[in-house]
Amino acid sequence: FVPTMGSATRATKRQKQQHLQEKIPASCDPAEEDTPSVFSSDEEIPTICIPIEEEVQAAVNNVNGEKPSRPDDVLAELRAGNKRFVAGKSAIKPLSPSDKKALTAGQTPTVAVLSCADSRVPVELVFDMGPGEIFVARNAGNVYCPATAATLDYGVKNLGLKLIVVMGHQCCGAVNAAQLSAEQIAGLTPPLVDLLNGIKRGLSSNSVIADITDSKEKDQEAVITNVKAQVASMLDNPVIKEATAEGMVKVVGAFYEIETGVVHFL
C-alpha cells in the first residue's frame, strides 16, 4: 500500500518551501563588503553573496583557515600536491553539503595559475587542490593579455595572492600554431591571428627552436620559451612589479608534462 499525498500534506510542503525561500535573500548589500577595487579608486566591485548559517560555520573556518603567508611556502604546497597527483595518492575528498555552502562565504586563494585552456590540463587536479584554493585564469597558450592581466591584478589587490604560476604544457596546440608561417596565420580568424602573433613574437627571441630536430625536445623548448615570455610581460605590469619588489608576491614559470603528470617549475 502506497499512501497518496493529501491536501494537508501538500499545504505543509508549500509552507516549508515558502519558509526556505524567505530565509535566503537574493543578495547581500554590496555596501557591507569592505573590498577595495583594483579597477577604480572611487567605486567598489559589486558582490553577491549568500548568508551562512551557524551549522556551516565550521566548514567556513576550514575553507578560509590558516594558510601559508610566504610565497615560497605556497610553492612548496604546490610541489607537494603535484607529487601526490603523480603518485595517484590525491588527498582531495568530495565536498559535503556544508563544504559547498561554506564556499559562498568568499574565497581566499593564495596562488593563481595562468594556464592554457587545453582540456588535458586540469589545474586543480594537477596540484591536488579543491574549490577555493587556486585562482585560475586560462586561455589558449597561457597568454598574458589584457583580460588575464585584469584578472591577476584583481587577485593580487583584492584576494591577497602570494604566488602566480604561468604554466605551459606538453603538446600545446597554440604554441605549435604560432610556429606556422605569417601567411598561414593570416588566414585564421582575427582574434586567433592576434593571439598567435603575440606568442610568435615571444618565440622569436629563441633562435635555437628552429634548429632542434627532435619533435619532443622542440615542443618543450618552444613551450618553455613562451612561458618565459609571458612571465616577462607580467613582470612589466606595475601592480605585479610592485608586489614582487615588496616580496609580497612571487611569479614563476612551469611546464606540465602531460604524459607523466609532473609539473617542472622553471
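One-based numbering along the chain as shown.
Yeah, the Cβs are placed from backbone N, Cα and C, and that goes for glycine too.
The region 'Disordered' annotation in TrEMBL covers 1-39. The compositional bias 'Polar residues' annotation in TrEMBL covers 1-10. Taken from TrEMBL, the feature compositional bias 'Acidic residues' applies to 30-39. The Zn(2+) binding site annotation in TrEMBL covers Cys116, Asp118, His169, Cys172.
Cβ neighbour count for Cys116 (Zn(2+) binding site): 24 (other Cβ atoms within 10 Å of its Cβ, all protein chains included). Summary for the binding-site residues Asp118, Cys172: the Cβ-based neighbour count within 10 Å is maximal at Cys172.
Take the CB of His169 (Zn(2+) binding site) and look out to 10 A: across all protein chains shown you find 23 other CB atoms.
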